[in-house]
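Annotated features, as they stand in Swiss-Prot:
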DOMAIN    29-267  domain 'PABS'
BINDING   GLN60, ASP135, ASP167, GLY168, PRO194  S-methyl-5'-thioadenosine binding site
BINDING   HIS91, GLU115  spermidine binding site
ACT_SITE  ASP185  active site, proton acceptor
Amino acid sequence: MPAEVAAGLPPLPPNHFYFYPPDPLLEGDGAITAIEDSDPFDQYVYRLRRVLYQGRTRWQNVLIADTYNYDRVLMLDGAIQSAESDESLYHELLVQPAMLAHDEPRDVLIIGGGEGATLREVLSHASVRRAVMVDLDRELVELCREHLFQWHQGAFDDPRCELLAEDGRAYLERDPSLYDVVIIDVVDMLDNGPAQALYTRQFYELLHSRLRPGGVVAVQGLEFSHSDDKPHAALARTLRSVFSQVHSYRATVPSFLSSWGFLLASDWLDTNHWQAEDIDRRIERKLGPLWLDHLDGDYLKACFVMDRETRFLLAQPGPVLEDGVPFVAPPDIEEIEFGPAQLPALART
């Protein structure tokens with residue numbers, strides 16, 4: 001942006017947007033510029049074709065807009081939460097590995113997932129008889145129902161769906177129902193944010209008690225890049241303190257401007273034994289060969305492959321996330337000297 005324009009702007013409050021008026025350089029198409037200010041060190045600028053909704057629910061700032069690069073986007077508290085151009089990649093990666101791993105998922109719990117795309121992916125499985133979606137923000141869900149049909153594709157109206165507007169942890173505390181698969185698709189663990197209590201050991205212990213034998217949990221695993229991997233590693237350690245098998249995987253989600261992490265947690269599923277051919281057969285048997293846009297056996301196997309430094313990081317001991325205790329990142333991995341002798345067996349798998 002021109003320095004003289006930037007100098008005249010008021011300071012940006014954290015987790016908010018600042019909107020420029022239409023940009024005359026874009027040939028009079030009325031484009032609006034939005035600055036994403038969710039990172040304390042970087043800001044990202046987006047050209048918006050059209051703003052469909054801008055406002056605040058009880059819980060968060062919301063912007064739904066059409067963009068030039070990512071088509072329609074949902075932005076929450078100053079960051080892109082989901083984009084039409086790549087939401088199917090993200091949601092397939094979050095949901096389908098757990099659903100494919102379970103032989104016959106019948107009862108599924110979704111915590112978060114307000115856009116409805118997580119629900120859409122769950123309901124793609126004919127075996128599902130009940131999909132309970134618990135999202136704290138009723139207003140956001142209604143906005144997504146109105147403006148983000150490409151995401152939910154009518155899933156909210158499926159008779160198998162039970163939609164509840166309440167805190168996911170409170171729901172588990174009051175309802176003793178058991179589930180075959182649980183999908184956690186909540187916003188990042190911002191300090192003092194409503195989702196913070198959904199990332200702790202105590203929450204996962206409660207969640208574990210609501211799984212049937214053979215159950216699988218899939219978790220949105222935060223940014224998982226070389227510049228920001230410690231929160232994911234802490235989340236993986238926390239899950240390992242409760243579940244016998246925890247496996248990280250990641251993929252680049254373009255609209256997130258980073259690699260993104262996911263986790264599978266259970267007491268039985270070892271993804272190291274997965275074969276691409278077996279995954280392809282499960283997809284064809286459970287969904288049909290043309291259902292998924294992105295996922296197949298080769299790609300999913302590749303998502304679990306980590307570089308040597310990341311394997312070392314994930315194998316390190318460290319604190320887990322606890323109720324009421326802020327997360328403090330350990331020293332950078334570059335500050336730790338390591339070689340083959342220091343690489344634990346877990347890090348070599």
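Counting begins at 1 with the first residue displayed.
Here the Cβ of each residue, glycine as well, is placed from N, Cα and C on the backbone.
Positions of Swiss-Prot features highlighted on the structure.
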| residue | record | CB count, 10 Å |
| --- | --- | --- |
| GLN60 | S-methyl-5'-thioadenosine binding site | 22 |
| HIS91 | spermidine binding site | 25 |
| GLU115 | spermidine binding site | 26 |
| ASP135 | S-methyl-5'-thioadenosine binding site | 26 |
| ASP167 | S-methyl-5'-thioadenosine binding site | 17 |
| GLY168 | S-methyl-5'-thioadenosine binding site | 25 |
| ASP185 | active site, proton acceptor | 23 |
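Across the structure, ASP167 (S-methyl-5'-thioadenosine binding site) and ASP185 (active site, proton acceptor) place their CA atoms 13 angstrom apart. Over the domain 'PABS' (29-267) the predicted model carries a mean pLDDT of 93.
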